[in-house]
Amino acid sequence: MSQIHKHAIPANIADRCLINPEQYEAKYQQSINEPDTFWGEQGKILDWITPYKKVKNTSFAPGNVSIKWYEDGTLNLAANCLDRHLQENGDRTAIIWEGDDATQSKHISYRELHRDVCRFANTLLELGIKKGDVVAIYMPMVPEAAVAMLACARIGAVHSVIFGGFSPEAVAGRIIDSSSRLVITADEGVRAGRGIPLKKNVDDALKNPNVNSVEHVVVLKRTGGKVDWHEGRDLWWSDVIEKSSADHQPEEMNAEDPLFILYTSGSTGKPKGVLHTTGGYLVYAATTFKYVFDYHPDDIYWCTADVGWVTGHSYLLYGPLACGATTLMFEGVPNWPTPARMAQVVDKHQVTILYTAPTAIRALMAEGDKAIEGTDRSSLRILGSVGEPINPEAWEWYWKKIGNEKCPVVDTWWQTETGGFMITPLPGATELKAGSATRPFFGVQPALVDNEGHPQEGATEGNLVITDSWPGQARTLFGDHERFEQTYFSTFKNMYFSGDGARRDEDGYYWITGRVDDVLNVSGHRLGTAEIESALVSHPKIAEAAVVGIPHNIKGQAIYAYVTLNHGEDPSPELYTEVRNWVRKEIGPLATPDVLHWTDSLPKTRSGKIMRRILRKIAAGDTSNLGDTSTLADPGVVEKLLEEKQAIAMPS
């Protein structure tokens, strides 16, 4: 970008921060040079039944990828998230639930959550679920989803949470792969005023002849909508939990016992069941939550992610609850029924830390000041961003409009497979640059390598790898360790390959440039699609953009840009020329888009990620096999884009 914005650490943060710049340097050096000492100390953030003596036992060696942390220690995750807080903070609010309908909200104390989790843990045992069994959870954003997850952890069952937006086919595939014995769902979900037929989707999934492991379906009554009922298989949540005792002793788990499976889409083939274990994962989720959000006991914390994604696991539930925090769970969407809904929720609950995604920020940005109308957001002190690289323009808007120019923005880079934050600012220790994830978290050793795996020193760019293990790292892919090794450790030997590219600037700050397959090669020059998208979105009339490469006879690849304009703006030949020149000015002639495709909407998954694979195929005119579109929030978008494409003159 033509300009680097730099933000100093605000005085109000510096005065009471947990980690200042000097402490960051000292702790980071210790975490790299003496990982056993550092993580041995950090492990004390949890209560252990049998204290660990071993800390780190890991290998990234070809043919021998093995990751173990705290392997001789025992603990229980639910006891760390609930029981240990009861004596001093039992009446503290654990979960604030804000419904899709703004008139519905409730506060659940640690004591109440503990009671419900114990009762549901006993329910699971009565249904024959035991330590090591897999339970599929396909729930809306309601407190019972958290109860189900914590109850599984309490008895040692492995949960596999499936995002409530996934299709019956996707649900069936995940149940089959994990051999889930029980499904927990609701009659319906509610989102932006619309019902989501969760129970019907489960019924359809269970009709798949390859689903033969499921014994029962527990159904929460969320809306009271009509559902089909399978006597003997289906059970109402309220019926089973009412009969269960609130007295339950948590199961003693080894640190390396499986905690959950979370499916993430592979670049090829079927989804991968990423497996996380108990001890190292929770140490990492709690430590990263505490330091990255500079958590203080009076904070009200809101992570907007769904429980169906890893962000919902680590930073809506487990990290905050392990630290005894108050976490807000929101059933709705940030811009419904009004563009100011997110800001209204902040004011209503006096939220101090807000963690959301660039896709939400850009949607609000397109609404302009309507996104903050009638709100003051004065309670906020820290903002966070997750899910994809945030373009500097959206970062600045978020900082300025949502945070009133006083809240540091922690732009966190991490993945389902990492369990927690990897590259991220710390509010009291890091000067910020809009669009940069900045520096590695404690114990994280990033490197940039070329395509042959040679490390690149200094200010440079390359493939982002991690050269040594950290406690939150996924241990394997469920039932397929060979694929785990193949996917993450075979491209570059003795290193974990993230699949992302990044550049490092003169200050050692990292800038994520997007997936490596989202890098264009135009006339022999590498261009990150994120960089071009950022330039496009910095245009005052553009709300969102997605850039892909298309084959070009001379340049190798040409640049094809899908562009969504702000409300009230219309495409015109003049604007077409203006936008192309704008990018040329921002980045250089090489980055000038060859094609602008005006469109009202882009194909997105329900978590807000743009499906670039589909955009690449549409742009290239290759519509023979668009692959699985079941995870799209609105599959109709694809048809519309194909129609629009017909009218576009393509470069030769």
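Any Cβ shown, glycine's included, is placed from N, Cα and C.
Look at Swiss-Prot and you will find Arg191, Ala192, Gly193, Arg194, Thr311, Asn335, Ser523, Arg584 tagged as CoA binding site, backed by sequence analysis. Under the DSSP three-state reduction, Ala192 (CoA binding site) is assigned to coil, being neither helix nor strand. A 10 Å cutoff on Cβ-Cβ distances gives Ala192 (CoA binding site) a total of 12 other Cβ atoms nearby, all chains included.
Under the heading ATP binding site, Swiss-Prot lists Gly387, Glu388, Pro389, Asp411, Thr412, Trp413, Trp414, Gln415, Thr416, Asp500, Arg515, Arg526, citing sequence analysis as support. According to DSSP, Gly387 (ATP binding site) sits in a coil region rather than a helix or strand. The Cβ of Gly387 (ATP binding site) lies under 8 Å from the Cβ of Thr311, Ala357, Pro358, Thr359, Ser607, Gly608, Lys609, each of which sits 6+ residues away along the same chain.
Swiss-Prot lists Val537, His539, Ile542 with the feature Mg(2+) binding site. Ile542 (Mg(2+) binding site) falls within a strand segment according to DSSP.
DSSP gives Lys609 (N6-acetyllysine) a coil state; it is part of no helix or strand. As annotated by Swiss-Prot, N6-acetyllysine applies to Lys609.
Taking Cα separation as the measure, Thr416 (ATP binding site) is nearest to Arg191 of the binding-site residues Arg191, Arg194, Ser523.
Geometry remark: Arg194 (CoA binding site) versus Ile542 (Mg(2+) binding site), CA distance 28 Å.
Among the binding-site residues listed here, namely Pro389, Thr412, Trp414, Arg515, Arg515 has its C-alpha nearest to that of Ser523 (CoA binding site). Closest in space to His539 (Mg(2+) binding site), of the binding-site residues given as Arg191, Ala192, Thr412, is Thr412, taking the CA atom of each residue. The binding-site residues in question are Arg191, Arg194, Arg515, His539, Arg584, and the one with the fewest Cβ neighbours inside 10 Å is Arg194. If you take the C-beta of Val537 (Mg(2+) binding site) and look for same-chain residues 6 or more apart in sequence within under 8 angstroms, you find Arg362, Asn391, Glu393, Ala394, Ala543, Glu544, Ala545. Annotation for Ile542 (Mg(2+) binding site): same-chain Cβ neighbours under 8 Å, separated by at least 6 residues, are Leu536, Val563, Thr564, Leu565, Asn566, Val579. Neighbour counts of Cβ atoms within 10 Å were compared across the binding-site residues Thr311, Asn335, Thr412, Thr416, Ser523; the minimum falls on Ser523. A simple way to gauge crowding: the CB of Gly193 (CoA binding site) has 11 other CB atoms within 10 angstroms, across all the protein chains here.
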